[in-house]
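Below: the structure, in structure tokens.
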Amino acid sequence: MNKIVFIGAGNMSGAIIDGMLSAGTPPASLWTTNRSEDARAAWAAKGVNASADNVQAVAEADVVILGVKPVHINELLASLASHIPKDALVITVAAGVPLENYQYFLPENAICRVMPNTPCLVKTGVSGVFFSDHCGPADHETVTELFQPLGLVHHCQTEAEIDLVIAAAGSAPAYFFLFMEAMIAAAIAQGLDPSDAAAMVKQTALGAARMANDSEHEPAELRRRVTSPGGTTAQAIERFTSENLHGIVASAMVDCTERAQEMAALFKLKHGE
Ligand SMILES: NC(=O)C1=CN([C@@H]2O[C@H](COP(=O)(O)OP(=O)(O)OC[C@H]3O[C@@H](n4cnc5c(N)ncnc54)[C@H](OP(=O)(O)O)[C@@H]3O)[C@@H](O)[C@H]2O)C=CC1
Ligand SMILES: O=C(O)[C@@H]1CCC=N1
């Protein structure tokens, strides 16, 4: 059994771990580290090995998954890199930290940047992956084995493509949640009971997402099939269009990608400074 170690098991890594558990990964093969005692107790209650000691956790690891915030990656690598087995595959889910940082601290390891999203929790995630030159077929296989059961795996051709995956998938669950929040608030403002409004909006989002995935038709055609000429939907769509929904979405996604690029410039190791 492989030893898979998560350094920092918060929102994103936690979703991956819970997704893996529900996909049948034996909890005893998973190790997590957290500084908070409550987080460790919660993982231990699920049968996952939980520790506060990163150095001890990575001993004899086959796969190390770095799940801390981007701002903490460099200091974590500086303190932990020499303890990570050289034959371990190192996976990082951090946004905006370039591969070269990991390669500097871990020159002999195979490294893979993965940009997942939180729906990995319910095995309908998206994970963009980009491999370092040190990665061989066995590493590609390991990443596929780990992430495919959690949803769609997209192979990025360039590292820069990871930043596009962030805008289209990594950050994107939040856009849909925001849209749901706005719809629920509007339905309540129009007089629906709050719990009825929430239940209807969530169920409609689920139904639309399922149809979009299962149908032979593109979303634009599915939209047309709801929109009777001169009817109610047409009025709502006209408002979205005239108020530039497409433009807002496009600008938001450009902002998202640009923020990842800014973070990369910020966190990139500056040798000799
Ligand atoms: N949230 C998301 O949807 C996505 C996030 N990501 C990436 O995932 C990473 C984590 O983000 P997210 O999960 O949201 O953040 P969280 O803050 O929820 O998770 C980070 C975790 O790291 C733990 N931690 C921090 N420092 C250490 C340390 N030195 N040793 C061990 N554990 C540590 C924290 O727990 P404790 O304080 O108990 O130690 C916390 O549980 C980021 O790099 C982000 O870019 C990528 C895609 C999507
Ligand atoms: O907001 C963030 O920076 C992280 C990366 C993608 C989703 N959450």
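Cβ atoms here come from the backbone N, Cα and C positions, even for glycine.
It should be emphasised that the depicted structure is a prediction, and the values quoted were computed from it without experimental measurement.
Here's what TrEMBL has on this protein:
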| type | residues | note |
| --- | --- | --- |
| BINDING | N54 | NADPH binding site |
| COMPBIAS | 213-224 | compositional bias 'Basic and acidic residues' |
| DOMAIN | 3-96 | domain 'Pyrroline-5-carboxylate reductase catalytic N-terminal' |
| DOMAIN | 159-263 | domain 'Pyrroline-5-carboxylate reductase dimerisation' |
| REGION | 211-231 | region 'Disordered' |
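According to DSSP, the domain 'Pyrroline-5-carboxylate reductase catalytic N-terminal' (3-96) comprises 43 helix, 19 strand, 32 coil.
Each residue in the domain 'Pyrroline-5-carboxylate reductase catalytic N-terminal' (3-96) has a pLDDT score, and their mean in this model is 98.
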